[in-house]
Amino acid sequence: MSDMRLIVAGAGGRMGRALIRAITESAGATIVGALEAPTSKWLGEDAGTLAGLPANGVKLSADLWALSADADGILDFTVPAATLANVAIAAQRGLVHVIGTTGLSASDDAVIKSVTNQAVVVKSGNMSLGVNLLAALVKQVAKSLDDNFDIEIVEMHHKAKVDAPSGTALLLGEAAAWGRGIDLNAHSARGRDGVTGARRAGDIGFASLRGGTVTGDHTVIFAGPYERIELTHKAEDRMIFANGALKAALWARGRAPGLYSMADVLGLGNAST
C-alpha cells in the first residue's frame, strides 16, 4: 500500500511540529499539507523547517479545501472552533480525521458525531499508549473497589494550557465513572473553593495545576478507609501523542465510517473512552 498522505492541522504549534516530525520519521506516511489559521504568522513557512527538520516543500496554508484535494487524512490538535470547521471539510473529502483537540463541549461532540455516518473519525483526549492503558486500569479498579473509596483526579500541565480539566483528566474520569456505573456529568466535582462542606458521596473530583513546561502529569487517587491507591502517568515528550495520533491514522485507513477511540486502535475493546 502506498504511503498515507497526511495533513497536519495547527502545524505551527507545539503539537503540530511534533506531528510533522513523527510523520517525517515514519514508514508508511508522508506529509502533504500543513494547515494554520488565516491570521497565523507562520503562513507560507516550510513545514519541515518549522519543525526543525530539512525543508520538505510543504508550505503552511489556511485553505484546507485546497490542501485536502490529494490527501488521505488529517491530524487535528487545534482548538474547538477550528476542529469543527475541519470536520465538515474532512467529511466531504473523505479524509480520515484524527482529533486530539481538547476543550470540546457536548454540542461540539454532537457535531463531530453527526459526520461519522459518512466519515472515519478517531477521537481521544489522549493518544498515548500509556494513558489508554491507565484508563483501562482505572476502569477495573473503580469497578472492583467498594464505593467507600473516593476517586480524585489530579492533573498538571504547562502554564500555557488554556482548558481545564485536561482532556486526559476527563478521559480518566469517564473511565472511573464507567467502572462505578455512574454518569460523570452528574458526579463531577470541580473547582472546590471556600467552605464547601463535606465531600459528596460518589463524586469524582478534579484538581488542575498549571505551571512551568510540564507536558502532562495525571494521577487517579482511590482513597479508602486507612489505605490509598494512586495510579499515575507522566508524559515526558509530546512525541508520545504525535506517534499515537499517527498510529491512529494508519489504523483507521480503509475502515468503515464511524467514531473510533484509541481503545479501538490499541485493541483494548471498551477499556478506555
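Note that Cβ sites are derived from N, Cα and C of the backbone, with glycine treated the same way.
Going by what Swiss-Prot states, the NAD(+) site holds Gly10, Ala11, Gly12, Gly13, Arg14, Met15, Gly100, Thr101, Thr102, Ser124, Gly125, Asn126, Met127, and the candidate of Glu36, Glu152 recorded there is Glu36. Surrounding the centroid of the Cβ atoms of His158, Gly167, Thr168, where the record places (S)-2,3,4,5-tetrahydrodipicolinate, the chain contributes additional residues within 8 Å, namely Thr102, Gly125, Asn126, Glu155, His157, Lys161, Ser166, Ala169, Gly216. Of all the binding-site residues listed here (Gly10, Gly12), it is Gly12 whose C-beta has the fewest other C-beta atoms within 10 angstroms. Long-range Cβ proximity for Thr168 ((S)-2,3,4,5-tetrahydrodipicolinate binding site), meaning a same-chain Cβ under 8 A and a gap of 6 or more residues, is found for Thr102, Gly125, Asn126, Val131, Glu155, Gly216, His218.
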